Amino acid sequence: MAGLYSLGVSVFSDQGGRKYMEDVTQIVVEPEPTAEEKPSPRRSLSQPLPPRPSPAALPGGEVSGKGPAVAAREARDPLPDAGASPAPSRCCRRRSSVAFFAVCDGHGGREAAQFAREHLWGFIKKQKGFTSSEPAKVCAAIRKGFLACHLAMWKKLAEWPKTMTGLPSTSGTTASVVIIRGMKMYVAHVGDSGVVLGIQDDPKDDFVRAVEVTQDHKPELPKERERIEGLGGSVMNKSGVNRVVWKRPRLTHNGPVRRSTVIDQIPFLAVARALGDLWSYDFFSGEFVVSPEPDTSVHTLDPQKHKYIILGSDGLWNMIPPQDAISMCQDQEEKKYLMGEHGQSCAKMLVNRALGRWRQRMLRADNTSAIVICISPEVDNQGNFTNEDELYLNLTDSPSYNSQETCVMTPSPCSTPPVKSLEEDPWPRVNSKDHIPALVRSNAFSENFLEVSAEIARENVQGVVIPSKDPEPLEENCAKALTLRIHDSLNNSLPIGLVPTNSTNTVMDQKNLKMSTPGQMKAQEIERTPPTNFKRTLEESNSGPLMKKHRRNGLSRSSGAQPASLPTTSQRKNSVKLTMRRRLRGQKKIGNPLLHQHRKTVCVC
């Protein structure tokens, strides 16, 4: 059937709840090469082809209702001049375009999926027989293009990042491809990214039936299991999922692989066919256990029957059945054309519905991608319903489009927060105009406390010890005296502990400081300084509540009740040493205290 039709294409991808985004999509529309464009040996070099005028020199410049991306590229094919005589055959024949759609779901890294996105279409159209009118030759060329892309990945394996264990990259990807040329649709796929076709059997009935064009390449299929086991591979069930086993030497093995080498069998991949996955190469058979050869099929499009073509990754088909997906797209199109609602595109709607079902089941959403192609007979007022998220194509007008030039990643509402791009300022606080306080080594005290201590140290000590009858200055002098004592301890490099005190204790400390003589102050300094032969064991410092620590500044606090003297200080020092010996009696000596682990303490309140 040589009917005219137009395509409304929408594409959308979402990272879901996964840490990495490994789904990629590709849309390429370009003029189909014809036999007249190829240089003929009979043509003389003195008769070059007429130059193609630039788009700026074209008359008019008006765009059609097929979207800005298509209209800008349609201008590349000039219209024949009204005053000039038409060419014999080239101007009378309108060139058509070929459309290429692909969804690739990567695993083990994004490298294989990205490589397939950039080179798969180029390998397919270079194969001999792809431009043939015979479907069998076209399908053979598509299969050769898949294999050529797979072998090209082998050459790039050294450039791909290695695994965490230092092994070569295990990156691979599924690939579902739809090629539309004229009234023929060619489908090729490897993996579990499916293609669904919506068919309306009765024009009087609004029901559109979903037909699965592809079958997922799962290891549990009898055909795939037989092929895998015939190549020396195996399939193993892990957590309810059948996976292709990766037979690799043990990581501790060095040198060539022999019969005595221990081989680990790891259930690895949940698909039986994919591009990449170079770890599955079998040296005995010379083939890949995870096959890169696709399944191909040919379909003749009828705009009156075929309404939708949906390409999706497993993140979409695991949540939305094919029939539900077709019905959702049909409802979305009815809202757009009948009710005039310009909402989200069909692809975005399907992806959002799938993510919602992932959340309803309380599961971490997988990478989800979808390409929806709406087929309709050629309509004159197609431009009235143009949506910025959709691309409208008429392949007979020879349009050109490449999604790599306009690829924009959309953040997912349920994905891990992405890493900031390099264009943003990596050091916002450093480059900001706000004042940032300098780093000060406060020695376990706040900055304000050190300023107060330094200010008091510069003052005269006599102003601190003079008693006052007024209660408010008395409290201020007491606080300064306590701060001065702490500052003195800091100069002696001794750790101290602050305890809450009331006004009575503060007054007693003020009196003690006033009554102290130079000899008594020297005795207090001797008490604060630990003796040279005193060794603090690790058990004492880390024992926690098992033993009570000695209060070092207790003498100055109790000096009001009993005058301090040098003999009393020596007696107390001897008693402290005796108490420490009794507490450490029976404990095991430690060779190196730094290697000793901390004790676990339990506080019972």
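Each Cβ is built from the backbone N, Cα and C atoms, and glycine gets one as well.
The candidates are Ser85, Ser291, Ser398; Swiss-Prot tags Ser85 with the feature phosphoserine.
Swiss-Prot annotates Asp105, Asp314 as Mn(2+) 2-binding residues; of Asp264, Asp277, Asp366, the candidate listed for that same site is Asp366. Of the candidates Ser40, Ser412, Swiss-Prot records phosphoserine for Ser40; the remaining residues carry no such annotation there, which does not rule it out for them. Other residues of the chain with a Cβ within 8 Å of the Cβ centroid of Asp105, Asp314, Asp366, the Mn(2+) 2 site, are Asp23, Thr174, Asp192, Ser193, Ser313, Gly315, Leu316, Asn318, Asn367, Thr368.
Under the three-state DSSP scheme, Asp366 (Mn(2+) 2 binding site) falls in the coil class. Taking the C-alpha positions, the distance from Asp105 (Mn(2+) 1 binding site) to Asp314 (Mn(2+) 2 binding site) comes to 8 Å. Sequence-distant contacts of Asp366 (Mn(2+) 2 binding site), defined by Cβ-Cβ distance under 8 angstroms and a gap of at least six in the same chain, are Gly16, Gly17, Arg18, Ser313, Asp314, Gly315, Asn318, Trp358.
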